[in-house]
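In what follows, a structure is listed as structure tokens, so that the remarks can point back to it.
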């Protein structure tokens, strides 16, 4: 937002000129500040529009520009706001208000995000296969800083001018709006830093024993510094601090940093960091001990994070437009809206691996990673199985000859080869079948993506079996 708020207010001021020719609007002309009246009369006399041609006066761009320049020079911000309010009404400009739309988006996304985080933490806490980590702690911290932001959107920004034309906002309400915007800016910078910290700590849990661990640690340090610097700049960008929300009227004294430069720098660094954080896990996909189809699935899961980067770029675009805005409360709608979407979508993306685990638990047949091994008479199976190479031998056989079957949670059977009798002949006697139910997580548990087969069953072996490695 420009420090000189006069430039925000007057781009259609010439719309009042019809009051010169129409008796019905003479009262409106009398309400104009004297500085604006002089500007209007001078601009009309020097324009190609007839004072009686209301359409021409209200739409002629050179005339409006002349009035704007004059008012910027001779009127105070409050006088300019008053002028703009009167002229827009006289010219029949529509009353615009997008606050309800913003409120609906903020509350809906906030509710969905809170629900997803609660499910993630509950699953991690109550499931024997999971455990709460530092990444879970920081996603909760991000949510805790996001809750006040959602409240401020609803009770601080939306009812105090966001999504409305600035000249229709009362002066005291405008000051309140800017004060809430100041608080929201600090919360936004902190939420972005906490969210990235949670994602990086999640990477560290997965890839902590790989070559990129030092890059993850370095990125964590950089992100912490990045967050502290911008939160500090946002909090103390004006001296005194209150000058942030009082400087618009030019009736107070103080100094401020370049607010637009701070916002641009934060957005640019955030986008660059997003791209780097996307490259970190993708660089490890090739080394995963997975089928190529599963590698594609894991890569796609990480690539969902690119949507957050796209939202960040759209927010940066709105910041560029906001810097040259002549109507900040209206144009700040785009900034506030994209910031809200960015934070909530980022939290949802950070919770996706945990949410997929929940879905795998609910729909194991659809989303699980078990394989089918049909059995045939004589102990042969449709899949290749070499018991001598199995590091986790499961089942057993009697001396008379037996066939042991591993049955997964999806009722899929995998027969083990028949054991020879003491005479060296293959057994055809009594067959002992042992049913072992195994619940196991697929690669999306991300405890160790490099060896998904080792993700077997922290919670599934409770039914009386030793974990088995399924090929």
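Placed from the backbone N, Cα and C atoms, the Cβ positions cover glycine too.
Under the heading domain 'CFEM', TrEMBL lists 7-118.
What TrEMBL lists as disulfide bond is 35-75 (among others). For residue 75 (disulfide bond), the Cβ neighbour count at a 10 Å cut-off comes to 24, with all displayed protein chains included.
Less than 8 angstroms from the CB of residue 70 (disulfide bond) sit 38, 39, 42, 43, each of them six or more residues away in the same chain. For 39-70 (among others), the entry in TrEMBL reads disulfide bond.
Marked as disulfide bond by TrEMBL: 49-56 (among others). Around the Cβ of residue 56 (disulfide bond), the number of neighbouring Cβ atoms within 10 Å comes to 18. According to its DSSP assignment, residue 56 (disulfide bond) is helical.
Taken residue by residue with DSSP, residue 91 (disulfide bond) is part of neither helix nor strand, so it is coil. There are 19 other Cβ atoms within 10 Å of the Cβ belonging to residue 91 (disulfide bond). Annotated disulfide bond per TrEMBL: 58-91 (among others), in sequence order.
Sequence annotations record features per position, and here TrEMBL assigns transmembrane segment to 104-123 (among others).
Look at TrEMBL and you will find 177-203 (among others) tagged as transmembrane segment.
As annotated by TrEMBL, transmembrane segment applies to 215-237 (among others).
Taken from TrEMBL, the feature transmembrane segment applies to 257-277 (among others).
Residues or ranges marked as transmembrane segment by TrEMBL: 298-323 (among others).
Residues or ranges marked as transmembrane segment by TrEMBL: 343-363 (among others).
For 377-422, the entry in TrEMBL reads region 'Disordered'.
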Determine whether the transmembrane segment (177-203) and the transmembrane segment (215-237) share at least three Cβ pairs under 8 Å, counting only pairs 6 or more apart in sequence.
yes
Give the distance between the Cα atoms of residue 91 (disulfide bond) and residue 49 (disulfide bond), rounded to the nearest whole Å.
15
Six or more residues out from either end of the transmembrane segment (104-123), which same-chain residues have a Cβ under 8 Å from its Cβ atoms?
130, 132, 136, 139-140, 143, 146-147, 150, 153-154, 158, 337, 340-341, 344-345, 347-348, 351, 354-355, 357-358, 361
Rounded inter-Cα distance in Å - residue 49 (disulfide bond), residue 58 (disulfide bond):
10
Could you measure between residue 56 (disulfide bond) and residue 35 (disulfide bond) for me? Cα positions, answer in whole angstrom.
22
